[in-house]
Amino acid sequence: MTSSNISICATEDQMVLQTSLLLRVNVILMTTVAIFTFVLTYRALFILKQRPIFHKSTKILLYTSLIFVNIHEIIFMVIQCVAFIRSFTLSDKPCEIMRTTLECRFKNHVLIFGIAGMNFNQFGLTVDRLLATVIPQTYSHLGSFPGILISILVIGCSIAAPLIIAIGDPYDDIVPNCFFFPQHSAPRANVFLIILSALVIASIFLNLIIIFANKKLEKGTRYYVSQRYQKREALISTRIIVYIAASQFLGMVLYSTIVLTLRLHKSMIPVSMYHNIVWWAYTVPFAAVALPALLIHRINLVGSNRKRVINRITAKVETQEEHMKSLKELWG
């Protein structure tokens, strides 16, 4: 089938969807989430620079994660805002309101690049934490090298993801929005969604093992200050990564599970209902905003705990001094 003999006009159901209040509310909500992501990212970058909680390698990977998050939010906001404008300006033009997958190709590729990068880099953070646990001495001397190498691999895999999904796709069908996968790429898109879910689940599982291992190792190095500091740093970093992985898990598993289920039963679902559910099931922006938000929260929490410990020690010293002063006065 070629693009010349395919109808580009929207059906009655598709027109209802494209001009519905639900779509417009969804766009406003997701755009608000994107703006929050940008603001929180700025704050997270500032805190990452100021607070020396993470190893250089981990910090580079966190910077990479924030870049992917914002690439995704920028392209998704552009896609959504275009859909919002078209829902008003083309509300009476059914043969113009739909998008061809060919004209959506670049935006769709960038969107998949962002989604893949967010998830692949999350797994990269887990590998980084694994290295810090298994070979702590070597890892500490490698500096930023592991983070740079993993980031390069993540970027390469993320570039490859949309290209592999689109292999052989003629781009001859129409979609209501550029974040929908082309029809001919659907089987590979389904595999992609399954891989993302599997990676997130693996990340959480491995991070929990790493936390347990670091707790055990920390007890075993109680009297070795340098080694205990390394284990404590690894434990704190890994806990933060687990919280981030959990947010990614909720966002990606919800999205991939719902969308995969819809794809497998697409023939049984009315068109307008199918696309409405897909729009609202796209929970990736919430996973995106959770990254800088959780980074800020967890780093501030670590800082507050440290201050509390220091204040407790200081208070204890002052109490001892007052006690000695009292004894001197008593015996003086």
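Using N, Cα and C of the backbone, Cβ positions are placed for all residues, glycine too.
Keep in mind the model is a prediction, meaning the values are calculated, not measured.
According to the topological domains annotated in Swiss-Prot, L62 and P270 fall on opposite sides of the membrane. Residues 3, 8-11, 14-15, 18-20, 23-24, 75, 78-79, 162-163, 166, 169, 171-183 of the same chain, all 6+ positions outside the topological domain 'Extracellular' (86-109), place their C-beta atoms under 8 angstroms from a C-beta of that stretch. Of the candidate ranges 27-47, 65-85, 110-132, 27-47 contributes the most Cβ pairs within a distance under 8 Å of the transmembrane segment (277-297). Packing against the topological domain 'Extracellular' (168-191) from elsewhere in the chain are residues 1-3, 6-8, 10, 14, 17-18, 76, 79-80, 82-83, 98-102, 104-105, 107-108, 111, 260, 263-264, 275, 278-279, 282: each is 6 or more residues past its ends and has a CB under 8 Å from a CB in it.
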